Amino acid sequence: MKFIAPVEKNKTYEVTIEDLTYQGMGVAKIENFPIFIANSLPGERIEMGVTKVQKTYAFGRVVKVIKESPDRVEGSGVEYTQTGIAPLQNLAYLAQLKFKQQQIQNLLNKDHLDDIKVDETIGMENPTEYRNKAQIPVRNVQGELSTGFFRRNSHDLIPIEDFYIQDPVIDKVILQVRDLLRRFHVTAYDERNNSGVIRNVIVRRGYYSHEIMVVLVTRTMTIPGQKALVEEISKIDGVVSIVQNINSRPTNVIMGPKDNVLWGEAVIHDELMGLKFMISAHSFYQVNPVQTEKLYQLAIEKADLKGNETVVDAYSGIGTISLAVAKHVKKVYGVEVVKEAVQDAKLNASLNDIENVKFITDKAERQMAKWESDGLKPDVVFVDPPRKGLAPEVIDSIADMKPKKIVYISCNPATLVRDIQLFSDHEYEVTGDIQPVDQFPQTPHVESITVLTAK
Ligand SMILES: C[S@@+](CC[C@H](N)C(=O)[O-])C[C@H]1O[C@@H](n2cnc3c(N)ncnc32)[C@H](O)[C@@H]1O
């Protein structure tokens, strides 16, 4: 039987916003059919116009706000909600923190895990201009090479100069690079026919060091006028590294596999938790250094280390957790799939004169099983996986190694809750409260720390 959606395109309906999606869109339901509406907040009663109907959901827009949320605040710019850069900018910061705490609690409750409690989210004192990295698409807008961000669910570029949640020095560098690209007539990527040269400009800036890396992501192997362009970019205050990343395929993935250092160093340096770090173009590095220090410090405190432990750091990136934990334990083993990140991790160990860590390049799925079959018996396992959470094999291997404690740092509460249940099948239970730490103010992303111990 053909399913008929309970809403029709272009019609208007009165609805109450019940939740927010991961992208920060309000969710209303009509006969249990979800409708996603940008710029609407939980608790608001609105008149909504349906803009698109799909099989299992629809999109709508706010026609009129009938009852406004008491937590709504004046936003700083409509483009931040239009693009999804900072979709929660019109929700008061304290309400954002509450929302994140509640988001995890709701998911637990839904799966009948309401005995597990979530603590108040640890927020930022100044919750804007925090990002140390920008990945900015470059496209032609009205015949001119422009930088900005895509309108939600589209690839239409909205030109933006002040990105609100980024280090303002980074915003300035993006404009300087944009102006140089214009001056040297470098063409912007056009994805309709896979033509043009520059796809993205990526800028990273060390929070303490103030060193800047500029990555030009190009479709082509060469950049017309490259020598003069690179020379001018190298004169921008703070730039120590200019890298070209080649991504010739028609894909939404930002970076291709190959990097060429065009000028200066292949890395920037920064500090975190009193340790020195080198970060290359391809390596994951947490984007909010102020909150990362709180997050990892707290994760280490929660591990309650005594000094003689063996520790595994799964999904170890450039070794941030491994190196911070090394001075508290006997030995650390890290595993990470990105080769460049592992190279950085090894260099970072010697940069900090740390000798009791061993980093392996591999998938956690494979390496954890190998360590388990080799008889490795860690006392504590830290996991800091990407959004998709832990592969079931990783959970099996951890359980077979029988650590006393697992410290789970999660950037996605849905996969966290799923994995808590899988660990529970292996006789591991959550001890203490789950602690959210706001790594991404003005956005709905939720980061948290959970401790699991053997029952
Ligand atoms: C949230 S980050 C953790 C970063 C790390 N704790 C740090 O501070 O640098 C997740 C990391 O997992 C890595 N990764 C993704 N899939 C993986 C897999 N299957 N096995 C191992 N590492 C993986 C990513 O490259 C990324 O560095």
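Every residue, even glycine, has its Cβ placed from backbone N, Cα and C.
Record check: TrEMBL places GLN286, GLU336, ASP384 at the S-adenosyl-L-methionine site, and the matching candidate among TYR315, TYR408 is TYR315.
In this entry, GLN286, TYR315, GLU336, ASP384 make up the residues listed for S-adenosyl-L-methionine, with the farthest two CA atoms of the set 15 Å from each other.
Using DSSP to sort the residues of the domain 'TRAM' (6-64) gives these counts of helix, strand and coil: 0 helix, 33 strand, 26 coil.
Annotation for GLN286 (S-adenosyl-L-methionine binding site): same-chain Cβ neighbours under 8 Å, separated by at least 6 residues, are THR292, LEU295, THR320, GLN439.
Shown in sequence order, PHE284, ASP313, SER316, GLY317, THR320, ILE321, PRO385, ILE409 are the same-chain residues outside GLN286, TYR315, GLU336, ASP384 whose Cβ sits within 8 Å of the Cβ centre of the S-adenosyl-L-methionine site. TYR315 (S-adenosyl-L-methionine binding site) is surrounded by 22 other CB atoms, counting those within 10 A of its CB over all protein chains shown.
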